[in-house]
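What follows is a set of notes on a single structure, which appears directly below.
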Amino acid sequence: MADHSTVNGSEIPVYNLKCIDLANPDVHQSAAVLKQACMESGIFYVINHGLSEELMNEFFGQMKKFFALPMDEKKKLFWNQSLRGYRPPAQAVIDNKTQQKDFGEAYHIGVDVAKDDPNCGKFFYGPNIWPPADILPGWKETMMRYQEETINVGRAIGRIIALALDLNVDFFDQPEILGNKTASYSNMFHYGVPGTDFSKEIVGAPPHCDLNFITLLATDEIWGLQICREKNAQPQLWEAIPPVKGAFIVNVGDMLEMLSNGAFRSILHRVVFGKERYSTGLFLCPSHDYVIECLPTCKSEDNPPKYPTIKTGDYILSRFRQLAADTVKDNKAV
């Protein structure tokens, strides 16, 4: 923690993340740094990841072109039950105390799954929804290339995680985890749609932990991401994460916390913004059939498993059901 960040006149501490360099030939050193980061906070930077600056710029440029389309055009691509497509702003109340609606919009894509695939229609499985090529030429190709290359970065990080957990380096390369059966998906976010009042603090995403394995976040260098390292503490202490040009911000999700028996902590985070902001997250997620259970290197007689064994698909469904129940409960309390 080095200094403070000002968000609409409010100062909060800045938390300086540890950094993993994927070009570092000493992978065991990287594993040691990653292990410390995941045990202390559950979030870190990744640099020299192999994605070119040209691709990153092209991706963000195409994303901005989509969100700049007329609302009527965007709503033609409304998201479906597989969580593919466009999510307009004001879909939910994200702050029950103030009744603030969602001032962000999003677009969701994932690994393409054919309509006749048995998994099609489940969360994060299904054919993608694409804008017409005559409206956004090259959009689909850019998005798929970015997603594919980012998934490969995630696999490289997964190998370092494996070493940090005393597993074989290719443990997470299994088809059902991060291999060719992965249920990974990408979300593109635009915070601060027309009509947003930037004179006050705006919650773009309420406090939450990601449900997946790990998340790779890239931003347009506008501040907004905040973390709470002690997620069960009251009151919560929020710290700002500085955006770093060309770097991914990687955070631990609930599934990795469960696999590691709580050694690696999923991080509670939120987005608070004071100006227009674009970001994208690649959410690495095992297949629905993968069984989440404590890894053999993370348990012992003195440290038995802390979490119940559960299939990925069942866990995802339980999280969405809980989210829906909490929303109903909070709305009744207002």
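The count begins at 1 with the first shown residue.
Quick reminder: no glycine exception, Cβ is built from N, Cα and C everywhere.
Here the structure is a predicted model, which means the values were calculated and not measured.
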Quiz item: To which of H269, H288 does Swiss-Prot also attribute binding of Fe cation at the site defined by H208, D210?
Solution: H269
Self-check item: Helix, strand and coil residues within the domain 'Fe2OG dioxygenase' (181-286) as assigned by DSSP
Solution: 6 helix, 45 strand, 55 coil
Self-check item: Remaining residues near the recorded Fe cation site, that is with C-beta within 8 Å of the centroid of the site residues H208, D210, H269
Solution: A205, P207, C209, T215, N251, G253, S266, I267, L268, R270
Quiz prompt | Surrounding CB atoms that lie within 10 Å of the CB of H269 (Fe cation binding site), all protein chains | solution = 25
Quiz item: Non-local Cβ contacts of R277 (2-oxoglutarate binding site) (under 8 Å, 6 or more apart, same chain)?
Solution: F189, H190, Y191, G192, G204, T219, D220, I222, G224, V271
Quiz item: What is the total of other Cβ atoms whose distance to the Cβ of H208 (Fe cation binding site) is within 10 Å?
Solution: 14
